[in-house]
Amino acid sequence: MGERTWPHLLAALLRGDELCTADTAWAMGEIMSGSAGPAQIAGFAVALRAKGETPTELAGLVEAMLTHAVPVNLPAELRATAVDVVGTGGDLAHTVNISTMASLVVAGAGVRVVKHGNRAASSSCGTADVLEFLGLPLDLGPEAVATCVAEAGIGFCFAARFHPGMRHAGPVRRELGVPTAFNFLGPLTNPARPRAGAVGCFDARMAPVMAAVFAARGDSALVLRGEDGLDEFTTAAPTRVWAAQDGTVREALLDATDLGIPRATLADLRGGDVAYNAEAVRRLLAGETGPVRDAVLVNAAAALATQGPLDADLTEALQAGLLRAADSIDSGAAARTLERWIDVAQTVRPAAV
């Protein structure tokens, strides 16, 4: 494409043409800099969604979003082994904060976690909401987050703090009220750029697209979608998994029952308001057994599996991860991780304001 303008990009999308990475990066740059108007943002998002986003197009959006992000500069060796445990949200299931709890379990097992998230979108309690309720300050800057990762084994990048340019798209997204490409960017745009991730996606078409972006940049990731629609490794149905590693993507259908996890129902995993979900975190860390623990264990196991080879048969890696995850809770390591994290975060908070 020659000179990039909104009419040119929109016309191409309406024809059904695939945009190149530079095209979508340009569009995202215009949006995040505040140069795009509401009609241009809405037209682009809807036209791209109607055509169907491709890995190439999504990669351009991700590239521009990271360019405009406030970076978290982790040491190279830490970034190479750190993992994000995150979901796109949007599954409308209103579960407890499974990925948040799994993050604490993974960190308790000795793997550094850099979590990227926001307040609730489709549910009543997002990652940021429950962490804030538990005592974690959300206004930490990049240096403070890096300190948390180094000293507590876990840090949280509050999306609103690290992607300020996304405020220009917020009103349009709310008015549209339907999922667009913006709904799938969060897990791909962690400002700390960890090289591994266990990533939930509610959309069956977009999950392999996200996996292809992870693969293209050399990350090790498991993209997860429950057959019940959960953006997690579900225990209420089989889970479709896209394993991205070494530049390739492999798809598999797994069932938590094959790992010895009892079948649950979505009602077993239902959450509530922020106080309810925070109490669920405390009960899990105190050793309470049941469906919530089971769901947390299998999602933590998926994150731990990304630290090694993602072979065609993931069962062995997941079973090993389940043992490590259970020990993280039962030894008290996960609970101590939360306590240490809050302590470090409160200590470094003044430097981040």
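Positions of Cβ are set from backbone N, Cα and C atoms, glycine also.
Mapped onto three states, the DSSP output places N118 (anthranilate 1 binding site) in coil. Sequence annotations record features per position, and here Swiss-Prot assigns anthranilate 1 binding site to G87, N118 based on sequence analysis.
According to Swiss-Prot, the 5-phospho-alpha-D-ribose 1-diphosphate binding site annotation covers G87, 90-91, T95, 97-100, 115-123, T127, on the basis of sequence analysis. In three-state terms derived from DSSP, S99 (5-phospho-alpha-D-ribose 1-diphosphate binding site) belongs to a helical segment.
Under the heading Mg(2+) 1 binding site, Swiss-Prot lists S99, E232, citing sequence analysis as support.
The anthranilate 2 binding site annotation in Swiss-Prot covers R173 and is backed by sequence analysis. Under the three-state DSSP scheme, R173 (anthranilate 2 binding site) falls in the helix class. For R173 (anthranilate 2 binding site), the same-chain residues lying six or more positions away in sequence with a CB closer than 8 A to its CB are A45, T180, F182.
The Mg(2+) 2 binding site annotation in Swiss-Prot covers D231, E232 and is backed by sequence analysis. Neighbours of E232 (Mg(2+) 1 binding site), defined as other CB atoms within 10 A of its CB across all chains, total 30. DSSP assigns E232 (Mg(2+) 1 binding site) to coil, not to a helix or a strand.
It is 12 Å from the Cα atom of T95 (5-phospho-alpha-D-ribose 1-diphosphate binding site) to that of G87 (anthranilate 1 binding site).
Note: the CA-CA distance between H116 (5-phospho-alpha-D-ribose 1-diphosphate binding site) and D231 (Mg(2+) 2 binding site) rounds to 15 Å.
Here the binding-site residues are T95, S99, N118; the one with the fewest Cβ atoms within 10 Å of its Cβ is N118. Taking a C-beta cut-off of under 8 angstroms and a sequence separation of 6 or more, G87 (anthranilate 1 binding site) has the following same-chain neighbours: I98, S99, P187, V199, G200, C201, F202, D231, E232. Around the Cβ of D231 (Mg(2+) 2 binding site), a 10 Å sphere holds 28 further Cβ atoms from the protein chains shown.
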